[in-house]
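Enquirer: Per Swiss-Prot, the features are:
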ACT_SITE  Lys123  active site, N6-AMP-lysine intermediate
BINDING   Asp40, Ala41, Glu42, Tyr43, Asp44, Ser89, Leu90, Glu121, Arg144, Glu179, Lys295, Lys319  NAD(+) binding site
BINDING   Cys413, Cys416, Cys431, Cys437  Zn(2+) binding site
DOMAIN    610-689  domain 'BRCT'
Amino acid sequence: MQNIEKINEEEAKKLLIELADKIAQYNHAYYIEDKPLVSDAEYDQLFNTNLKLEQKFPHLILENSPSKKIGAKVENKFAKVTHQVPMLSLSNVFDEEDVKDFLDRIKSFLRLDQFSPIFCEPKIDGLSFAATYKNGILTTGATRGDGYIGEDITANIKTIKDFPHKINNAPELLEVRGEIYIEKNDFTSLNQEQEQQGKDKFANPRNAAAGSLRQLDPSVTAKRPLKYFVYAIGSAKEELANSQDQLLAKFKELGFNVNEIGKLANSEEEIFSFYEYLKTNRKNLPYEIDGVVYKLNDFALQDRMGFIARSPRFATAHKFPAIIGQTKLLSITVQVGRTGTLTPVAELEPIEIGGVIVSRATLHNYQEIARKDVRVGDYVFLQRAGDVIPQITGVDLAKRSADATTFDPPLFCPSCNSKLHYVPEDIIIRCDNGLNCPAQNYERIRHFVSKNAMDIEGLGRKQVEFLIDKGLISNPYDIFFLKEKNEASLTKLENMDGWGKKSVENLFNNIEKSKNVSLPRFIYALGIRHIGEQNAKLLTREFGSYENFIAQMELLKENDPEIYQKLNNLDGIGDKMLVDIIDFFDVKENIELIKNLSEVLNIEDYKETREQSSLTGKIVVFTGSMPTLSRAEAKATAEKLGAKVAASVSSNTDLVIAGEDAGSKLKKAKELGIKIIDEAEWLTLVRDI
């Protein structure tokens, strides 16, 4: 990743778009597909890079910034549940300095003179849930989703052993929140069952828990060894407790499972001592944890601190460092992606790291192999932090044997044997044979049917491979005639290995359902290099309809300077992406495919919908010293109510809140005739909204 200190504004603008797109993709894979694409450490690095860029260039913060989002949007196969109180995720800290900064921010925000107790508890590596009780009866269970809308998993949550369906002495309305997980031993047994049944094994306990809870058939969930802890409250008709430690005691009294491992810390030293204790003893716990959660214990102080876009100010998660292991590198294989990029993959002597058997690891690119001097036959260090494919972090040179061999990048594509070329600026090797390369064609079809694209359920990796091998499909367009082809065939798909009448029927129904597709999904499904979900949405907002999109692409292909400049001015669409778009539309097969698809699909025009509130768009300015509020708390309250807080007064300002020694801003507000109030009036205004 680039050095943030040296990056200029233009580079930052492009990088923020790229990060938003990449993080959105990783969020969807983690929260919705339950199949993380990168390690926790790599994700955290990307997220923190995004935060640092936003801190340096606050005027470049995007509407779809990852720092404003929680989780990922829910799928259509479950009913949607709106969270009355948003289910936010936690910010992360990674060392003692970060923790001290977190504690200092609390003292500064609340203007505290002394340490306020912090409740510390293990961060369970599972799936977050919310359960609502009305008059003591469980009525709704939901996933976090995007933090505002989750999936209805009521039927599934009721199958969990000892999860209360009814609670006594409960308030009229109570929403509890917690984590659903699978213990390590149960996870091992579950994977053994999966293997015996010829099914794919789960990558880790978190994925197993999430996949189990998101089953359409609750009887499948009932067979899975799910457990839960509750640790927070979403909403309630009456106050249950005044602090986190009191709340857990109340939950236990009501019959919920709570994690008994928790500590009320009265100093920094006690916080760090508890963290070290859990880090050392995590291997002895029956379940996976990936850090320690710190919460301001006093609920009244929590309320004052409030939230930022995606997380509470009063809590954070102190993550454990990644788990390291060592094993032998047996060979290096090469994978060809949908855009022709070749990725080296390490094939390893199987090793258990953190309860998961690892036999493959990513090597990223060929420059990375050379930089780390990784050789076949070496003993390599692996880093795993909850990911599917861990990373190789280095080589144990002391164990290097004389016959360890260097790996030379291939000159020809392993799939189609065409000559490869090196792209220096991207540090990659690429096959440019496009759809004539079997590997690229396969990956392109896989991308086309994926959840974020056309979302055709029932066409997974194995099914796509099978249909291509049997000659039933050779490109995305063929998918929409699969039913007709099957009806005309003497050998029916439902009679072939791995298929059945029901699965084929469901597949055809899902294909039919996918024919109604939004324009951004369609653009993303095309698989244009560097055009991810966010950039597809940018293009959609610009063009509005499929017809206009195609017309503008034709002009772009003809090097129309006006359309080129228009697109180049869009945040995140730079010269490099425009070249990729032009290259894509220069390929005759791509144009034919798009034309054919447009004849069988209903590509919906773009419609922008935004929720409005009474304060949406109001611009307020705080100036001077407030008697009771810190500037941070005042700003947070305003933003929570939908206002935009500006640093200076202008003719666009709607309201100025003036404290002592207000100075030039107050003077300018008076000159412009802008409404001015003091802190007391502001607090009254806030209370009455």
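Note: Cβ is positioned from N, Cα and C throughout, glycine not excepted.
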Enquirer: Mind checking how the domain 'BRCT' (610-689) divides into helix, strand and coil residues in DSSP?
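Expert: Helix/strand/coil tally for the domain 'BRCT' (610-689): 29 helix, 16 strand, 35 coil.
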Enquirer: For Cys416 (Zn(2+) binding site), which of the recorded positions Asp44, Lys123, Arg144 has the nearest Cα in space?
Expert: Asp44
Enquirer: Once Cys413, Cys416, Cys431, Cys437 are set aside, which residues in the chain still have Cβ within 8 Å of the Cβ centroid of the Zn(2+) site?
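Expert: Going along the sequence, the neighbours come out as Val336, Gly340, Pro414, Ser415, Asn417, Ser418, Leu420, Asn433, Asn436, Pro438, Ala439, Gln440.
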Enquirer: Around Lys295 (NAD(+) binding site), which residues of its chain at least 6 apart sit with Cβ under 8 Å of its Cβ?
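Expert: Ile118, Phe119, Glu121, Gln244, Gln302, Phe314, Ala315 - these are the non-local Cβ neighbours of Lys295 (NAD(+) binding site), listed in sequence order.
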Enquirer: Looking at the recorded positions Lys123, Arg144, which one has the fewest other Cβ atoms within 10 Å of its own Cβ?
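Expert: The recorded positions Lys123, Arg144 were compared, and Lys123 has the fewest Cβ atoms within 10 Å.
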Enquirer: For Cys431 (Zn(2+) binding site), which of the recorded positions Glu42, Asp44, Leu90, Lys123, Arg144 has the nearest Cα in space?
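Expert: Going through Glu42, Asp44, Leu90, Lys123, Arg144 one by one, the closest to Cys431 (Zn(2+) binding site) is Glu42.
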Enquirer: Which of Cys416, Cys431 has the fewest nearby Cβ atoms, counting only those within 10 Å, among these binding-site residues?
Expert: Cys416
Enquirer: Which one of the binding-site residues (Glu42, Asp44) has its C-beta surrounded by the most other C-beta atoms within 10 angstroms?
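Expert: Selected residue: Glu42.
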Enquirer: If H, G and I count as helix, E and B as strand, and all else as coil, what does DSSP give for Cys416 (Zn(2+) binding site)?
Expert: coil
Enquirer: Which number gives the other C-beta atoms within 10 angstroms of the C-beta of Cys437 (Zn(2+) binding site), all protein chains shown included?
Expert: 22
Enquirer: Using a 10 angstroms cut-off on Cβ to Cβ distances, just flag whichever of Leu90, Cys413 is the loneliest among these binding-site residues.
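Expert: Each of the binding-site residues Leu90, Cys413 was scored by Cβ atoms within 10 Å; lowest is Leu90.
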Enquirer: Could you give the mean pLDDT over the domain 'BRCT' (610-689), rounded to a whole number?
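Expert: Averaging the confidence scores along the domain 'BRCT' (610-689) gives 81.
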Enquirer: According to DSSP, collapsed to three classes, what secondary structure does Asp44 (NAD(+) binding site) have?
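Expert: Asp44 (NAD(+) binding site) sits in a helix per DSSP.
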Enquirer: Between Cys437 (Zn(2+) binding site) and Leu90 (NAD(+) binding site), what C-alpha distance do you get in Å?
Expert: 44
